[in-house]
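The structure appears below as structure tokens.
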Amino acid sequence: MWTLLRPALVMLGGFTLLLGLIVPLGFTGIAQVLFPQAANGSLVVQDGQVVGSDLIARRLEGAAWFQPRPSGSDAGAAPSNLGPTSAALLDAVRARADGGRAVPADAATASGSGLDPHVSPANAALQAARVAAARGLPLAQLQALVERHTEGRALGLLGEPRVNVLRLNLALGAP
Amino acid sequence: MTLIGWAQIALLLTLVLATAVPLGRYIAAVAEGRVRILHPIEAVLYRAAGVDPAQGMGWQRYVLAMLALNAAGFLLLYVLLRAQAWLPLNPQGLPGLSPWLAFNTAISFVTNTNWQAYSGETAMSHFSQMAGLAVQNFLSAATGIALALALTRALAAGGVQALGNFWADLVRITLYLLLPLTLLLALLLVAQGVPQTLTGAAAIEGGGAIPLGPAAFQVAIKQLGTNGGGFFGVNSAHPLENPTAIANLAQLWAILVIPFALTLTFGRMVGDRRQGWALFAVMMVFVIAGTALTYAAEAAGNPPHIAAGLNPADGNMEGKEVRHGIAMSALWAVATTGASNGSVNAMHDSFTPLGGLVPMFLIQLGEVLPGGVGSGLYGMLIFVLLAVFVAGLMVGRTPEYLGKKIQAREVKLAMLAVLVVPACVLGFSALAALLPVALASVQDAGPHGLSEILYAYSSAAGNNGSAFAGFGADTPFMNTTLGIAMLLGRYAIIVPVLAIAGSLAAKPRAPASSGSFPTHGPLFVGLLCGVILILGGLQFLPALFLGPIAEQFALLAGQTF
């Protein structure tokens with residue numbers, strides 16, 4: 001029995017020490033030195049205060065701000081996890097589409113994380129009219145701003161074109 | 001579907017193909033003890049453990065060693081999770097887990113399932129993630145690969161008893177394969193924005209917080225080891241766990257590369273590389289077909305939602321992230337379920353019925369397409385034995401594989417291994433569909449509710465770990481029954497597999513003759529695909545008709561529940 005248990009306990013203990021503590025702690029040190037911004041959550045700091053993360057949606061209430069994608073839950077940022085034939089989901093989509101036509105799908109659906117920092121360029125373009133009206137700014141100025149904040153596909157191929165809502169709102173500034 | 005979507009899919013699969021070839025060769029070198037860079041560390045471990053790495057083990061000793069490590073790992077993880085509140089690196093002061101949840105989670109990580117009935121950022125301390133869960137990510141992956149190597153050696157040699165030394169396999173795979181790849185991938189992920197820090201959440205001015213932790217290292221091994229357990233609750237849909245298109249591609253590659261490479265390792269070790277390529281081809285056929293189906297279904301979108309005004313060109317974006325889009329979400333769903341990984345970058349629960357059926361069916365087919373690290377290869381070899389048996393029946397010859405006669409004992413054990421998953425999935429799902437205590441976990445009404453139950457037990461018994469996540473899995477009933485399904489889905493397959501390895505190892509390897517049925521050509525690839533579909537999938541068809549297929553018709557008719 002001991003000849004069976006001894007290697008099991010030694011291997012488990014040794015690898016817990018190595019793979020659970022030594023290596024990840026050392027790796028954390030390396031990551032902190034090489035990529036301090038990315039390793040700490042890509043925080044966005046303005047006037048010495050953390051106002052959010054480049055990677056996490058932040059909702060600023062009001063028509064004068066660009067809005068991230070709808071949340072899937074009333075309780076906070078979360079996916080809805082509702083099925084494709086869910087009546088509750090269809091009602092929510094109808095309400096968000098608000099009788100519009102060819103509404104960008106990401107404007108009326110919750111994301112997988114509930115924290116999606118991006119919207120599609122079409123969604124941002126749609127919102128530009130509302131934001132321009134609320135702020136009394138010319139639409140062309142907003143459109144140009146959206147265009148400047150539109151990120152393309154990585155290497156021209158990977159992922160989808162998108163607009164980071166927090167960055168866009170920070171560029172706008174307070175109304 | 002768009003051309004650029006398909007171009008992204010093609011790029012990933014080409015990348016996997018191109019890297020699987022050298023990696024398969026390297027794994028063979030590791031398995032044969034030819035890689036020795038970290039020999040001092042190896043030697044310390046062997047000496048402390050009282051193990052002679054050169055001493056071969058028969059199949060019973062190999063199984064016992066594996067079970068001893070896994071049982072000890074389960075106990076340690078259970079204790080760590082229960083005692084979390086008193087352990088270090090708990091900046092948020094999180095309490096210990098309930099007994100049910102700790103039981104379920106410990107089984108889940110030891111069996112390489114990584115089913116998660118909790119959300120990492122609100123339930124797990126950094127210590128539990130790093131020293132508990134991530135360690136099992138390594139060890140369960142190395143366990144799977146070790147078992148596949150043992151079965152491979154049984155087929156490669158003739159008239160032997162020993163299948164290799166479990167401890168030497170475990171140490172070498174961990175140190176020379178998993179650890180270096182994990183460090184490389186983790187570094188790339190940090191550069192892309194996945195956090196790696198020991199601090200707790202960062203507060204945001206004006207309310208809210210950004211969850212942080214030592215995520216990148218754990219995310220890297222969760223993909224490479226086909227474990228799949230997310231650092232954060234929503235897994236690789238979380239922008240901090242999978243921040244960019246590059247990170248997404250790298251993680252997809254990591255999910256697929258080792259399972260595919262192992263088929264080529266197999267070909268090398270049995271001395272006929274064509275045999276490895278045949279298994280590779282079968283797996284790739286299913287991955288491509290599954291991706292095409294899922295991508296088409298998701299790109300077509302949700303007809304009632306389109307009628308409500310959504311742009312039909314955008315596809316079904318509910319539960320998907322803008323930066324990943326439809327194509328890479330569909331490919332991920334197929335890769336993660338084909339490969340027994342279980343991480344998600346979009347919510348499968350919100351996929352269209354057909355788009356969700358494909359991932360579920362890939363799990364039900366036995367997690368061999370390409371399957372988990374190691375478990376995919378040994379699972380596939382079980383189907384191979386059944387395929388040559390079927391072929392033997394058709395032409396009236398004694399079935400052979402690689403010159404070894406496949407006889408009643410092997411076929412019986414193979415059937416046992418193949419029947420475990422359907423028995424667990426259908427049995428537990430039928431039970432759950434009848435019991436009010438189980439039905440309380442179901443979120444959606446109508447056929448989708450049945451799909452949620454079926455998916456949960458398929459995922460557990462298939463050791464996958466993904467979920468239709470609206471399903472409320474953190475109840476005593478679900479934690480227990482899903483835990484049992486995970487145990488059976490792992491060990492009730494492993495033991496017959498190793499018993500087969502033991503009996504095959506002892507048989508001589510006869511040279512191929514003109515009467516041998518070649519197991520490397522397109523004919524055999526086709527036969528194997530058919531056997532997997534029929535033996536692996538047919539028993540699920542009635543249940544799938546009541547769930548996702550009924551739901552697809554309801555959706556087309558515009559009916560909601």
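Any Cβ shown, glycine's included, is placed from N, Cα and C.
Features reported for this protein in TrEMBL:
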- B:62-81: transmembrane segment (TRANSMEM)
- B:93-111: transmembrane segment (TRANSMEM)
- B:131-152: transmembrane segment (TRANSMEM)
- B:173-191: transmembrane segment (TRANSMEM)
- B:245-265: transmembrane segment (TRANSMEM)
- B:277-297: transmembrane segment (TRANSMEM)
- B:377-395: transmembrane segment (TRANSMEM)
- B:416-439: transmembrane segment (TRANSMEM)
- B:482-502: transmembrane segment (TRANSMEM)
- B:523-546: transmembrane segment (TRANSMEM)
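Residues 8, 11-12, 15-17, 19-21, 23-25, 27-28, 31, 145, 148-149, 152, 177, 181, 185, 188-189, 192-194, 219-220, 223-226, 236, 273, 276-277, 279-280, 283-284, 287, 323-324, 328, 331-332, 335-336, 339-341, 343, 345, 370-374, 376-377, 380 of the same chain lie 6+ residues outside the transmembrane segment (B:245-265) yet bring a C-beta within less than 8 angstroms of a C-beta in it. Using the rule of three or more Cβ pairs under 8 Å, pairs at least 6 apart in sequence, the transmembrane segment (B:416-439) is not in contact with the transmembrane segment (B:131-152). Contact between the transmembrane segment (B:523-546) and the transmembrane segment (B:277-297) is supported by 3 or more Cβ pairs under 8 Å, counting only residues 6 or more apart in sequence.
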